Every structure is written in C-alpha cells, then in structure tokens.
C-alpha cells in the first residue's frame with residue numbers, strides 16, 4: 001500500500017540521540033556497557049584506555065576494567081533498526097520527490113512527446129510546452145514499453161548476429177589451424193625442392209671445376225715431363241761440349257761443323273701456354289645471378305589461383321594451378337570469397353608492365369577468363385558479393401555462353417556483339433598495363449579474339465567456372481606452364 005506523502009516514516013530526534021556514542025557521536029558500533037552503566041562503542045572505549053594509566057569511564061570517570069565490558073545486544077539491535085529505518089526513509093523521500101514536479105510541486109501525470117519530459121497539470125500551461133503533443137503518463141508508458149519490446153527484439157537479433165559472427169571466427173580459427181599445418185608441410189616441400197636444386201647446381205659447378213682442375217693438371221704434368229726430358233738432353237749436350245773443348249785444336253776444329261749443326265737443332269723453350277689457370281670468373285662470376293636465372297627457368301607459372309577467393313562451388317588443387325566445379329559446399333566465410341557466382345581470382349596484382357598467361361579450357365562448357373579491377377577502398381574482395389560482372393563494374397573478360405544457335409564467345413562489354421569465332425580450348429591473355437590493352441588469343445589456332453582498351457589501374461586475373469551440363473565428371477580449368485624470361489638492361 002502506497003504511503004501518503006505527508007507521513008514521516010523516520011524515528012524521533014530525541015530517540016536517535018540516545019543511540020549515539022558519547023565518544024564518536026555516531027550510532028553505536030558493537031555497543032558495550034561499563035560497570036557504571038554508561039554505553040560506548042567497543043573500539044572507542046578501547047582507544048581511550050590505550051592512553052590512560054588506569055582505565056576510567058569516559059563520562060563519569062569511575063574506575064573500569066576491560067574485563068567489565070559487556071556486549072549490549074539490545075542497544076545493538078536498536079541501532080541496527082534505526083539505520084534500517086533511516087535508509088528506508090531516505091528511499092521513500094527520494095521516491096516521493098521523484099514523482100513530484102520540482103517547479104509546481106504537482107503530481108507528474110503527463111508526458112511531453114517533443115521535449116521527452118514528465119509534466120504536471122500546471123506545466124502543460126507553461127509557454128515552454130505550448131503547442132507540444134502531451135499524453136497521459138499511462139498511455140505514454142504503454143507506447144514506450146511497446147517500443148522497448150521492439151528494441152529488445154532488435155537487440156536479441158543483434159545478439160544472435162554477434163553470436164553467429166563469433167561462430168564464423170571460431171570456424172576461421174579452426175580452418176587456419178588446419179590450413180597452417182598443411183601449409184607448413186607444403187612450404188617445407190617447396191623449400192626442400194629449392195635446396196635440392198641448389199645442391200645439384202652446387203655439385204655440378206664443383207664437378208665442372210674439379211674436371212677443369214684435373215685436365216689442366218694433366219696438361220701441366222705433360223708439359224713438365226717434356227721440359228724435364230729437354231733439360232736432360234741439354235745437360236748431356238753441355239757435358240759433351242765441355243769434353244770437346246778440352247781436345248787439341250785440330251780435333252776440336254774437325255768437329256766444328258757437326259757440332260754447330262747439332263747445337264742448332266736443340267729446341268727453344270716455349271712460353272707458358274695460355275689458359276692454364278683455373279677460370280675463376282667462370283665459376284664465381286655472377287654466380288648467384290646465373291643460378292637465379294636457371295632457377296627462374298624452372299618456374300613455369302606466372303601466378304596461381306587464390307583459394308581464399310574461391311566460391312563454395314570451386315575446389316582448388318593443392319598446387320594451386322587448377323580449379324574444378326564440384327557443386328556448392330559450405331566454406332569458411334571471409335569477405336574475399338565470391339558468394340554469388342562460382343568465381344575466383346589469381347594470386348598476382350598487375351598495375352604496370354607486360355604480362356601474359358594461358359589457360360587450358362578443354363571441353364568446359366561455361367567459363368570466363370579475364371581481369372577484375374582492384375578497388376582502392378576494399379580491394380578485389382569488394383566485387384565478391386556483386387551480381388553484375390561486366391565492364392561497368394570493373395570486369396574485362398571473354399566467356400563461353402549458350403545461345404539460340406549454339407555456344408559462342410562473348411565479352412563482358414555489353415556494347416559488343418557475340419564474337420563469331422570457334423570456341424578456344426586454350427586461351428592466351430596478354431595485358432599491357434601502360435598501353436591500356438587486354439588481348440585474348442586462341443593459343444592453339446594462334447588467332448586473335450578480342451582486345452579491350454581501357455585504363456585498368458590495378459587488376460587481378462579473374463576466372464569463372466560453371467557447372468558441368470552432362471553427367472560426366474567435372475573438368476578442371478588449369479593455368480598452363482609458360483617459359484618465363486628475364487629482360488636484361490645494361491646502364492650506359
């Protein structure tokens with residue numbers, strides 16, 4: 001039952017004063033009674049006695065002892081009741097004044113819909129609220145409660161959305177753990193291949209150097225053997241010449257002609273043959289560059305498929321070079337993934353230079369191959385939820401589609417008519433960023449199909465792979481190996 005605003009629920013002032021400690025003048029806390037009959041807080045009287053030689057009552061000064069302290073349960077109960085009633089009185093006063101107009105002291109029975117304020121009957125005539133829509137509190141509360149129920153429903157839906165988003169992040173975290181383990185193994189395999197390539201190259205260079213060293217050592221040994229033999233011949237000739245010089249004059253001169261002819265036939269020493277030193281530059285000169293070029297020759301693909309952009313219909317091979325449409329399967333949600341069509345992107349972003357790639361289409365009956373502009377605000381993933389893939393939305397491609405008179409090739413430019421060309425089984429794409437040209441060729445027939453002219457900006461390779469029309473197994477779309485060359489420019 002609601003109390004009248006005129007009734008005061010609080011205790012009398014004199015009664016409250018009887019429940020105050022004579023030391024701290026606050027309501028008793030753990031009240032105790034001395035032998036003389038006076039009451040104090042246990043803590044207050046204990047602090048007073050700490051500075052006294054002989055404990056006495058703080059009021060009448062009678063002698064006392066800590067052993068005389070007796071807990072006064074009745075007084076403690078009265079203090080607890082007093083504090084409880086004061087708290088209740090404070091709440092009642094707050095409640096009573098919160099429902100009364102502070103300006104006119106009237107009952108708050110109206111609500112201003114413009115100012116969103118509670119009003120009394122006198123406030124309604126106030127100039128500040130003239131012309132405003134005013135409703136009774138009960139009606140307004142009913143309307144606002146209905147709105148709050150709608151807000152509650154909206155908040156519950158938002159909470160469900162947050163919970164669904166949390167489950168999405170849980171799925172992403174689990175996917176990343178599995179993907180990281182698989183990716184770690186693949187990375188190690190690829191680096192093992194690189195290390196094996198470098199090991200083979202290192203061994204080949206060391207073997208070539210060892211073979212050159214062996215050949216030049218054999219040549220040096222042969223030359224040294226020849227020189228040793230010639231030296232021995234000359235030593236024998238010197239010894240013979242010394243003996244002839246000791247003979248008498250007639251004998252010495254008789255042998256002069258044959259001696260001169262013999263000495264003339266002795267060989268002259270040849271200079272050191274060129275190329276006898278190990279060719280250091282052959283093995284160390286630009287070694288890293290030469291090995292890098294050789295390594296580059298083993299790289300056959302200009303880019304790979306990006307599985308993070310692949311729609312739920314598509315499955316990308318482990319080596320990221322082929323993609324197949326196996327029908328829709330639930331994938332981890334991420335903003336980069338296409339959701340409205342079976343599309344995916346290449347791993348590279350092209351903004352300058354010349355680039356080319358070839359795609360094996362085989363007997364695929366529904367495909368698109370081209371590029372898509374990378375949006376500056378959100379990247380290529382800004383296109384992932386778009387249903388309109390044409391030049392107006394940043395897509396440039398050639399595709400195979402069904403027509404009344406059979407399949408034919410068309411472009412993403414709605415202004416062009418269908419291309420009257422045979423369906424290519426292998427498509428070559430050439431992108432000239434600076435020239436603003438994107439050309440398509442039938443790689444098997446070596447014929448030009450179509451060329452877009454536009455300011456492309458930053459683009460990524462774009463692919464669409466429709467489902468199989470027949471009952472046979474789905475065919476993959478593959479990026480074809482190409483020979484990658486390096487253009488060398490020398491300064492000056």
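Every residue gets a Cβ built from N, Cα and C, even glycine.
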Residues flagged as coiled coil in Swiss-Prot, choosing from 170-209, 210-249, 250-289:
210-249
In the coiled coil (210-249), averaged pLDDT is 87
Below 8 angstroms Cβ to Cβ, which residues of this chain, lying six or more residues outside the zinc finger (21-61), approach it?
68-72, 75-76, 79, 82-83
Distal contacts, the coiled coil (210-249) - CB-CB under 8 A, six or more residues away
255, 259, 262-263, 266-267, 269, 273, 276-279
Provide the number of Cβ atoms within 10 Å of the Cβ of residue 101 (Zn(2+) binding site), excluding the reference atom itself.
18
Going by DSSP assignments with H, G and I as helix and E and B as strand, what are the residue counts for the zinc finger (21-61)?
9 helix, 8 strand, 24 coil
